[in-house]
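Feature list (source: Swiss-Prot):
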BINDING   ILE92, GLU93, SER94, HIS233, GLU234  substrate binding site
BINDING   SER94, LYS95, ARG262, GLY263  NADPH binding site
ACT_SITE  CYS194  active site, thioimide intermediate
ACT_SITE  ASP201  active site, proton donor
Amino acid sequence: MTHNHDPYSDAKELAGLTLGKATDYQAEYDASLLQGVPRSLNRNAINLTAESLPFHGADIWTAYELSWLNAKGKPMVAIADIQLSHESQNLIESKSFKLYLNSFNQTKFDNIDAVQKTLVQDLSECAQGQVTVKIIEPKSFGIQRVVELPGTCIDDLDIEVSDYDFNPDYLENSTDDKQIVAETLNSNLLKSNCLITSQPDWGSVMIRYQGPKIDREKLLRYLISFRQHNEFHEQCVERIFVDLKHYCHCTKLTVYARYTRRGGLDINPYRSDFEHPGESHRLARQ
């Protein structure tokens with residue numbers, strides 16, 4: 001596994017992003033504000049090709065600050081649950097997504113269906129892939145749940161840590177081939193940094209797998225090693241998936257991370273080779 005070369009250092013695909021630059025906020029609808037980043041930028045570095053991905057899944061976004069004007073000019077608010085297929089050509093850059101959603105604020109739409117259809121059309125075009133959008137109206141806010149990730153939390157392991165550089169080699173020799181298990185583990189200690197701005201990205205991650213039992217201390221050290229790693233949320237989750245398959249020989253694997261929101265958006269990448277995402281419920285920190 002290659003983990004020394006930085007695939008992003010001179011990537012022209014990142015040069016035009018509004019992320020990390022001063023920007024004006026537009027209050028009237030403008031689909032051109034959306035910016036995509038090719039998934040291949042990260043996948044090439046971890047030896048993945050679009051034709052032979054070892055997982056399926058989605059980037060599950062929650063938009064908490066969706067607002068527009070109805071036909072009479074009265075402001076409306078809602079939450080949007082957005083799922084972007086793992087097969088899309090691009091991921092969507094989050095600051096551009098925020099700016100795009102802000103452009104709805106002073107724009108009239110005839111009804112909520114028109115808002116939903118506009119979101120699907122524009123996001124699908126930017127991502128070059130399938131997108132679904134569910135709009136949650138205020139009358140349903142009361143049934144929105146706060147949950148914990150399934151499984152056993154590994155964060156209480158009493159370990160000493162002095163190295164915070166990303167290192168997948170923590171997973172080397174981390175399994176016991178004599179113990180074949182099916183278990184679900186989670187951690188709230190995932191932290192990485194924005195690829196462009198280096199701002200901290202705080203997350204929780206669930207790992208559900210079948211295969212040789214993974215040493216939990218080594219797994220926790222591996223997850224902590226993301227602490228100073230600069231990469232987008234979606235890319236971190238795919239990297240975790242690939243590393244676990246490579247080092248731990250999981251026969252079945254799901255990696256699901258939920259990151260805290262920024263700019264009214266949270267991103268929750270889900271990758272699995274045997275199951276599909278269920279209902280999206282936020283965690284306490286989201």
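Heads up, residue numbers simply count up from 1 along the chain you see.
Using N, Cα and C of the backbone, Cβ positions are placed for all residues, glycine too.
On the structure: features taken from Swiss-Prot.
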residue: ILE92; record: substrate binding site; DSSP (3 states): strand
residue: CYS194; record: active site, thioimide intermediate; DSSP (3 states): coil
residue: ASP201; record: active site, proton donor; DSSP (3 states): strand
residue: HIS233; record: substrate binding site; DSSP (3 states): helix
residue: ARG262; record: NADPH binding site; DSSP (3 states): strand
Cβ atoms near the residue listed as 'active site, proton donor' (within 10 Å, other residues, all chains): 24
Spatially closest candidate among CYS194, ARG262, GLY263, the listed recorded positions, to HIS233 (substrate binding site) (Cα to Cα): CYS194
Between CYS194 (active site, thioimide intermediate) and LYS95 (NADPH binding site): CA-CA distance (Å): 11
Inter-residue C-alpha distance, SER94 (substrate binding site) and ARG262 (NADPH binding site) (nearest angstrom): 9
Where the record names SER94, LYS95, ARG262, GLY263 as binding NADPH, the maximum Cα to Cα distance in Å: 9
Listed recorded positions ILE92, CYS194, GLU234, ARG262, GLY263, filtered to Cα within 10 Å of ASP201 (active site, proton donor): CYS194, ARG262
Cα-Cα distance maximum in Å, computed over every pair in ILE92, GLU93, SER94, HIS233, GLU234 that the record assigns to substrate: 11
Residues flanking the substrate site, with Cβ no more than 8 Å from the Cβ centroid of ILE92, GLU93, SER94, HIS233, GLU234 and excluding those residues themselves: VAL37, ASP59, LEU91, PHE97, PHE232, ILE267
SER94 (substrate binding site), number of other Cβ atoms within 10 Å: 23
Length of the line joining the Cα atoms of ILE92 (substrate binding site) and GLY263 (NADPH binding site), in Å: 14
Greatest C-beta neighbour count within 10 angstroms, which of the binding-site residues GLU93, GLU234: GLU234
ARG262 (NADPH binding site) and CYS194 (active site, thioimide intermediate), Cα-Cα, nearest whole angstrom: 11
Distant-in-sequence Cβ neighbours of ARG262 (NADPH binding site), under 8 Å, six or more positions away: SER94, GLN199, ASP201
